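Record features (Swiss-Prot):
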- C56, S58, H78, C187: Zn(2+) 1 binding site (BINDING)
- S58, G212, L213, G214, S215, I216, G217, D236, K241, L306, G307, V308, F334, R384: NAD(+) binding site (BINDING)
- S58, H78: alcohol binding site (BINDING)
- C108, C111, C114, C122: Zn(2+) 2 binding site (BINDING)
Amino acid sequence: MENGNSSSDNKSSHKPIRCKAAVSRKAGEPLVMEEIMVAPPQPFEVRIRIICTALCHSDVTFWKLQVPPACFPRILGHEAIGVVESVGENVKEVVEGDTVLPTFMPDCGDCVDCKSHKSNLCSKFPFKVSPWMPRYDNSSRFTDLNGETLFHFLNVSSFSEYTVLDVANVVKIDSSIPPSRACLLSCGVSTGVGAAWETAKVEKGSTVVIFGLGSIGLAVAEGARLCGASRIIGVDINPTKFQVGQKFGVTEFVNSMTCEKNRVSEVINEMTDGGADYCFECVGSSSLVQEAYACCRQGWGKTITLGVDKPGSQICLDSFDVLHHGKILMGSLFGGLKAKTHIPILLKRYLSNELELDKFVTHEMKFEEINDAFQLLLEGKCIRCVLWMG
């Protein structure tokens, strides 16, 4: 790896940009709106002007986190849309003025994994929650006005008017698509829809169970609906989620708080005469992964986990059940999607009125209101809140 810190030998003709950013300086404390400096892009990098950015629960998770991989001060945010302001050397995919989606999942197009249709896990830039640029060691493109380094987040850091990304994390898109809708495919909607469409490959007429009807679970429901699932059963502790879920294709609902003596899996197995074809765990609980696995049908059932539990959490499965029941358990990161291949396909499905994105956006606010938006997310009052830059 090279040292990519900005210095006087930077060959780019572009200069540092001074702009506003919402900086997370201490765990759980309100973000600080301040002016920062954004360095020019290095080779294979792109500097973009953010048009709008959306909030994701991953932002809240790392805003709260007090142990590694948390680090401060940091610029969070990873679901956004922007316009290319400048490019570093060796960047050929995009040019100044292109509309792009930043993605936390790299798609380098060069490694064995990116060239294979079997995986979306880039081996050249393995996914990790690093505070640095992915191509260069210990390298940030952000500093505050005192010269202190500000850390990156998930290869994106969209809570800033300008940000710098590796070209592996940028997807060029049609500029005519409404920004507040297109940005959703930068993370959340792609993750859920892709889990149903690409990871699980949900079949027409199948039965799907979704644990957790937050934004990701609702996106899974949307994906299952697009795939033609005949039954989409939502499981949640909040009964009001059923009414919301119905807009996304949820056909039935199980309130896990009112199952009395029966486990949720027992209720689901009775409802489905032996188990669902596909189960999705969207909460981030190892115990729910086990429950989802118990809900899926022997012989062909698939359990897909999308949530993240605390580090070190273990999933315990009976080895007899694993051997004799022939089920599949797998993880799905970014819905198994290759960003540069699949995002344009999803955008076309939006333009053809198949993929419904409008219903995900419940709030639109100014960037300066970001702390109010965080509160809405913490209180469960929004699905997706889009923040517009000035």
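Just so it is clear, glycine is given a Cβ too, placed from its N, Cα and C backbone atoms.
Structural mapping of features recorded in Swiss-Prot.
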{"residue": "S58", "record": "Zn(2+) 1 binding site", "contacts (Cβ under 8 Å, 6+ apart)": "H78, L154, C187"}
{"residue": "C111", "record": "Zn(2+) 2 binding site", "contacts (Cβ under 8 Å, 6+ apart)": "C122, S123, K124"}
{"residue": "C114", "record": "Zn(2+) 2 binding site", "contacts (Cβ under 8 Å, 6+ apart)": "D107, C108, C122, S123, K124, K338"}
{"residue": "G217", "record": "NAD(+) binding site", "contacts (Cβ under 8 Å, 6+ apart)": "G192, I210, F211, G234, D236, G245, F280, C282, V283"}
{"residue": "K241", "record": "NAD(+) binding site", "contacts (Cβ under 8 Å, 6+ apart)": "L213, G234, F253"}
{"residue": "G307", "record": "NAD(+) binding site", "contacts (Cβ under 8 Å, 6+ apart)": "G212, I216, E281, C282, V283, G284, S285, L288"}
{"residue": "F334", "record": "NAD(+) binding site", "contacts (Cβ under 8 Å, 6+ apart)": "T103, F104, M105, N120, C187, S190, T191, G194"}
Cβ atoms within 10 Å, counted per site: which of C56, C108, C122, C187 has the most, among these binding-site residues?
C187
Residue pair S215 (NAD(+) binding site), C56 (Zn(2+) 1 binding site) - Cα distance, angstrom, rounded:
9
NAD(+) site span - longest C-alpha distance across S58, G212, L213, G214, S215, I216, G217, D236, K241, L306, G307, V308, F334, R384, in Å:
23
Could you find out if DSSP has K241 (NAD(+) binding site) as helix, strand or coil?
helix
What other residues of this chain sit with their CB within 8 A of the center of the CB atoms of C56, S58, H78, C187, the recorded Zn(2+) 1 site?
H57, D59, G77, E79, F104, L154, V156, S186, G188
Give the number of CB atoms, excluding that of L213 (NAD(+) binding site) itself, located within 10 Å of its CB.
26
Report the residues of the chain - excluding C108, C111, C114, C122 - with C-beta within 8 Å of the mean position of the site's C-beta atoms, for the recorded Zn(2+) 2 site, in sequence order.
P106, D107, G109, D110, V112, D113, K115, S123, K124, F125, A168
